[in-house]
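Participant: Pasting in a structure now, in structure tokens, and then I'll have a few things to ask.
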Amino acid sequence: MGFKGYILSIVFNGKDFANKYYLMLKEFLKQHNLRDKIALKVVLANDEPASNLYVSIKSRVAKEIGLNVEVIKFSANSVQSDILEVIDRENKNLSTDGIIVQLPLLKGMDLNSILNSIVYSKDVDGLSFVNLGKMILGDKKGFIPCTALAVLKILRDEGIKTLGKTVVVVGRSPLVGRPISILLSSKPYDATVIVCHSKSIYLDVYLRQADIVISAVGKPRLIDKSMLCGKPYVIDIGISEIETDNGKILSGDTDFDNIKECVKFITPVKGGIGPVTVLMLMFNTIKAHLINNRMFDVLNRLEKLLEV
């Protein structure tokens, strides 16, 4: 769905968006005799219900399109060396194409040490220092973090122009906000990017300048309609639980019901950015297999298919 002219309040359907591409990937793997030949290993080192749900979704999607997936789960009394040992084993395993670590980790574990223990050619979440460096330098053999890649995919497919536009990114984490701001300020996106964070005093002033708002801070209902001007496009990556009279509900960084009529485009909390992030994980995993097996002609076809 592109924007040809002026369209009011498009609520993005990430589930339908991703499902369309899942069918394409499934057929692509079949055509190139790659079904059941690509393996993703998922390291799960926490017992949070949300993490278990996310892992089950990733596993289900991977299996549906034709990837092999194994979840390696660690108990609550596991130590960091246990995880590093498994990652080292899978780094050396020639049949493993991609390795991801489902966050958060158990308390006391060092995030950077674990993420950087994954060899960059299998780091399909794109969170190691090597891949973040490749992203900054524009090395296409590296892996862009999946959420950032999902944002780029949504902008491209929905016809949301970034050239010369003002993009306000709320959040500067190295996992989400920072990669997005770097990518959008680079070629070919060429946006003017303003990065806001917890210490930004005049958030509303910056937001009113935005053609595009991308928020990833995990603060429920941080952004309301009083902070926006000129009907921007809004991509809400944040997700939090809030208490209501009817129990806990999920909330994004935006007050969705409050602002949805004041924007041109918005992603909801449920069925918004999430399914597209999983789609990009599938893309990165297939890409890893193709690069590691020097199947560059097939990789070119994959990139054209998904337009990434």
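The first residue you see is number 1, and the count goes up from there.
Including glycine, each Cβ sits where the backbone N, Cα and C put it.
Quantities reported herein were computed from a predicted structural model and do not represent experimental measurements.
The NADP(+) binding site annotation in Swiss-Prot covers GLY171, ARG172, SER173, SER198, ILE239, and the record cites sequence analysis as its basis.
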Participant: For each of the binding-site residues (SER173, SER198), count the other CB atoms lying within 10 A of its CB, then report the residue with the highest count.
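Facilitator: For the binding-site residues SER173, SER198, the Cβ with the most other Cβ atoms within 10 Å is SER173.
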Participant: When you look at GLY171, ARG172, SER173, SER198, ILE239, which the record names as binding NADP(+), what is the longest CA to CA distance in angstrom?
Facilitator: 16
Participant: Residues with Cβ closer than 8 Å to the Cβ of GLY171 (NADP(+) binding site), same chain and 6+ apart in sequence?
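Facilitator: For GLY171 (NADP(+) binding site), the qualifying residues are GLY177, CYS196, HIS197, SER215, ALA216, VAL217, ILE237, GLY238.
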Participant: Measure from the Cβ of ARG172 (NADP(+) binding site) and count the other Cβ atoms within 10 Å, all protein chains considered.
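Facilitator: Counting Cβ neighbours of ARG172 (NADP(+) binding site) within 10 Å gives 18.
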Participant: With an 8 Å cut-off on Cβ-Cβ distance and a minimum sequence separation of at least 6, pull the same-chain contacts of ILE239 (NADP(+) binding site), or say none.
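Facilitator: Listed in sequence order, they are GLY218, LEU250, SER251, GLY252, VAL269.
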Participant: Can you see whether DSSP assigns SER173 (NADP(+) binding site) to helix, strand or coil?
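Facilitator: Going by the DSSP assignment, SER173 (NADP(+) binding site) belongs to neither helix nor strand, so it counts as coil.
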